[in-house]
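Okay, structure first, notes after.
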Amino acid sequence: MYDYDLLIVGSANADLVIGVERRPAAGETVLGSDLAVHPGGKGANQAVAAARLGARTALLARVGDDDHGKLLLDSQRTAGVDTVGVLVGEVPTGVALITVDPSGDNSIVVSPGANGRLTPGDIRAAASLFHASRVVSTQLEIPLETVVEVVRSLAPGSRFVLNPSPPRALPREVLDACDPLIVNEHEAKVILGTSRVGDTPEDWARILLAKGPRSVVITLGAEGALVASADGARRIPAVRVDPVDTTGAGDAFTAALAWRLGTGESLAEAAAYAARVGAAAVTKAGAQASYPTAAEVEAL
Ligand code: RIB
């Protein structure tokens, strides 16, 4: 029996968001809306998304002893996330500068701050959280050596989910543990180390699986997603909504998928549910503020 359905290890950022008519090109200045400050960060977002759906969730992360850190901790606790694993202090909380255009698309620059100080030692010190968690999910806004330590700390029988965002080349040890590896096309190309990954998402999935992951999910935006494992590949249709802000929708998708896999659903079933959660998340502004409850997903 596990205490947590899901342990999220990852980043927590204050999102500084400006709405713009058009995201600026190189060398260009544009005027935008008033500044909004939201709790964000791929790890913190996943934790809130899972908890709002009803998953028993813990977060292992690092924030600064500052107002942004308080904002993030408040958001986690309000959603029902166990923050026993959130370390506070040393350096300022991570910050993400985000512009969002009228189509809901965004551009993001992250200053990692405290996220960059989440060390392998912090992971080893949290061994009890790993032993209490059915599924462990992480991303790449924390140091890669910390992600490697996450893989080494997994309890027997627990499942590891990785969204390698922002993407970088991964050691075989990490790839082998992924079940699934969740990527978009850009991330797939970086992981594979080539701009040519074959003609179809089915090709990309086949080549990714050969690199080690036990399963792969490729998100395809308006085209939905593809799930693939040794059992074969299957398309998951997109859920059509009018987008307001896509920020954090991928994090909600990943969290929902990781949680549902832990309940025993197949990869295709979990991805279909996650697609509904991700769709709901793009219909409201902000990342964590946009995440649905299970009842809202049912109503979608
Ligand atoms: O995935 C969205 C997140 O990416 C934002 O909340 C921002 O903090 C960056 O980490």
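Including glycine, each Cβ sits where the backbone N, Cα and C put it.
Bear in mind that TrEMBL entries carry predicted annotations, made automatically and left uncurated.
Residues or ranges marked as domain 'Carbohydrate kinase PfkB' by TrEMBL: 6-293. Under the heading substrate binding site, TrEMBL lists N13, A14, D15, G41, K42, G43, A44, N45, E141, D251. Summarising the annotation, TrEMBL assigns ATP binding site to N184, T219, L220, G221, A222, E223, G224, G250, D251. The K(+) binding site annotation in TrEMBL covers D245, T247, A281, K284, G286, S290. If you look up TrEMBL, you'll see D251 marked as active site, proton acceptor.
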Using the Cβ center of N13, A14, D15, G41, K42, G43, A44, N45, E141, D251 as the substrate site position, which other residues in that chain lie within 8 Å, going by their Cβ? G10, S11, A12, P39, G40, G94, A96, G248, A287
Under 6 Å from ligand 1 by Cβ, which binding-site residues from D15, A44, N184, D251, K284? D15, D251
Which one is it: of the binding-site residues D15, N184, L220, G224, D251, whose Cα lies the shortest distance from the Cα of G286 (K(+) binding site)? D15
Looking only at N13, N184, which of these binding-site residues has the biggest number of Cβ atoms within 10 Å around its Cβ? N13
In whole Å, how far is D251 (ATP binding site) from E141 (substrate binding site) when you measure between their Cα atoms? 12
For G224, G286, listed as binding-site residues, tell me which one has the smallest number of other Cβ atoms within 10 Å. G224
Let me know how many other Cβ atoms fall within 10 Å of the Cβ of A281 (K(+) binding site). 32
For the K(+) site (D245, T247, A281, K284, G286, S290), what does the 8 A shell look like? I mean other same-chain residues with CB within 8 A of the CB centroid. V244, T246, G248, A249, V282, T283, A285, A287, A289, Y291
